[in-house]
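Visitor: Sharing a structure with you now.
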């Protein structure tokens, strides 16, 4: 668990006391500042969205000594988890089935290929090159391949990872995923400057199939326009929804370290693995699809879209600010060099190898 999660558990979970309310007010105020700044001309010129500015502001606050007195662990966890998931669900109001259909089969095949390649290479590189335990290598690979910290926390029980291994894997996701927020818009601008014809939706699939966290995907794709952002979210949801079957596969292929029942009971192990996968299922992804279905059927009036978008952006900005406060560079470096190096190699593989997979699938699809 991260430091914030440990503090949150020690404090008894979510308690709306005076400090919590003050922290929520500060969180909302900083997110509001990021939203206002993100709407200015200079931010648009620099390609900085409200979400990018929110995480930058959070990173700045996170390095201020004593900020935990106001931003409690409960406040951070509420923003990182509850508000983030609610924001992802509301994002469905921006999507329609027609947009999903327009991505075609490649929009599903690409993220699944990237996921499989990252899991396999991550487990091999982590154990053979960097000497990590099998459980830690799988954790780092899952965080990079599926959906960031949520995947790490879901996979940890399946491989019986220690709290330290879990915390290090989450730290790597935060570090390289945050770097990706700034890298992908720059890569898109570089491609445009070089005269490479890349459709925004195709680049959105590239972002969604290779970047770690859901919030990071949205933040990286937003500056590129609605087509890129929507495609990125749909592509990312394919990876998120793959978490449940991945947990079953991991539990069944790692019996020595994973979810084991009675000795020799393969059927019992499978039942337990399936139960864990069901409990760890990212239901917010299903919620996003449900809202997208409502929007496709015209159940969401056009006059509601603007306020829903504003509320959604506010929730996501709060989540990005909270994630930023946890991106404390000295703390990340103390978490361990070898796991971070492994995560760095996987990140390079996602950026370069993911681009090759995206290009290859689209070439084969004609």
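Keep in mind that glycine also has a Cβ here, set from the backbone N, Cα and C atoms.
Below are the features I grabbed from Swiss-Prot:
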{"type": "TRANSMEM", "residues": "21-43", "note": "transmembrane segment"}
{"type": "TRANSMEM", "residues": "103-125", "note": "transmembrane segment"}
{"type": "TRANSMEM", "residues": "137-159", "note": "transmembrane segment"}
{"type": "TRANSMEM", "residues": "169-191", "note": "transmembrane segment"}
{"type": "TRANSMEM", "residues": "198-220", "note": "transmembrane segment"}
{"type": "TRANSMEM", "residues": "240-262", "note": "transmembrane segment"}
{"type": "TRANSMEM", "residues": "283-305", "note": "transmembrane segment"}
{"type": "TRANSMEM", "residues": "343-365", "note": "transmembrane segment"}
Visitor: Mark yes when the transmembrane segment (343-365) and the transmembrane segment (169-191) have three or more Cβ pairs under 8 Å (sequence separation 6 or more) and no when they do not.
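Guide: Checked: the transmembrane segment (169-191) vs the transmembrane segment (343-365), in contact.
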Visitor: State the residues, same chain only, that lie 6 or more residues beyond the ends of the transmembrane segment (103-125) and have a CB under 8 A from a CB inside it; answer 'none' if no residue qualifies.
Guide: 134, 137-138, 140-142, 144-146, 201, 205-206, 208-210, 231, 234-236, 238-239, 242, 246, 342, 345-346, 349-350, 353-354, 357-358, 361-362, 365
